[in-house]
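Trainee: Starting off with a structure, shown below.
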């Protein structure tokens, strides 16, 4: 994931990805300038009241003082209203921009190949889609608006100070030189500190997610303290990084406070000497003291929020890096070629596959599966079976060679069409938190109404012989399944996964045969449902049982990434090769 390095690169790319951030930005900046000008009322009114209302020949001019005080109050009210408008505009545009960025990050995660996803812990993706986006919220909503107004205000105040008395303005600039140098030195360090914090926060989220999913295993092996120690180390790194970043920010704030005191003191000393010499008026000196205060306030605010801004920029860069991750499995979209319905012939021609920074796992695979036939993939663990079916589902693309369905190269098939033509039943039936009905709904188009979905679901379950099982569920189709389907047994989750695939009505079925033991009644239901599901379809089955291979039309034997034997079960048993030895081992185990 390549992240932008500079603020300019981050803003440029960020505004492209979320155009809402820059929509109406010119108007917002203009309003921020108006708000900053309005805040000049205090020093302006102070000078005018002093020079034209208090220190005038003939005595105090009360009416003049009240007039200018009224003008000042009106300007301050106007500035407050305009600044409120700026904040509202920033909040509105920020929420829209963050929503767009969050969706694009989510889409990117789903577009990444299995290879890319497996190269990183999935919790880190969650961190970028959620946590890193959230770090941007304050910057885009409140901090950003305040810093805009503060930047305009400090710039305008500096210009006004130069107009009032350039000598005093020069004194203020000199007093703030050390602060500017400190910001220059500290800013890269703050960025690096927060980058480490965000990276470790992603690690913590990933580790926490893994441990919550694997809590039963952790308890079973009594490794709670070990896992807790790992989390504690990561958490300690986060605390240390946040503390270091906070120290760096505090040092900047302290430097600014010192600069403000020095600037005010020097301005009063030099201003008094100039007033005594008649170079400037007393009102100008008094007004200048307010100008220094109003200049130092925004500068201090900017410095105080600098650490928060850097934290947000780090998050912004990380999200941009995710969104800009190259998608290796590209969707041709509408320009692609759909798979003709009813044409389920699978062709694998000269396929090689090498994982990044890993060995070649598939080596010149050539295989043809006629439409409507069932083929069992067998082989030892690590022989390449799973990698081969990943290619068929186009979770990954081959390093060399082609994979076709119905004569169409899968790289040319729109993803939406491919998902209609190919259904997958994994070893462990994954269910989303919801009901049986909502999980079956993933197999139908979004435009299908609730009544039609129920009709199709009941028809599918009846066709699979699962209507009796459904009737035994406490709430029928509306029975809750829980997170990951944990309210159902492993076998029941498999039944729902089979029904979901049947509801999709694919031409090609990929089945990774379940290895977990289930009760005999559920085993019978699963076997019958699978037979119904595979009937008339091209089925590629990763077989873990001898009976599955025996019932297949073809058997393909894989060994160390090579397709070494292809034929019927009866032929391969007599051939005297790897399958013969596997068959003998299976038979020996069943005796």
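Cβ coordinates are placed from backbone N, Cα and C, and glycine is handled just like the others.
No curator has checked TrEMBL annotations; they are predicted automatically.
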Trainee: Suppose you had to name the range TrEMBL annotates as transmembrane segment; which of 121-141, 142-162, 205-225 would you pick?
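Mentor: In TrEMBL, the transmembrane segment feature sits at 142-162.
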Trainee: Counting a contact as 3 or more Cβ pairs under 8 Å, with residues at least 6 apart in sequence, do the transmembrane segment (21-42) and the transmembrane segment (168-186) touch?
Mentor: no
Trainee: Six or more residues beyond either end and a Cβ under 8 Å away: which residues meet both conditions relative to the transmembrane segment (142-162)?
Mentor: 28-29, 32-33, 35-37, 39-40, 43, 83, 86-87, 89-91, 94, 168-169, 172-173, 288, 291-292, 294-295, 297-299, 301-302, 305, 308-309, 312
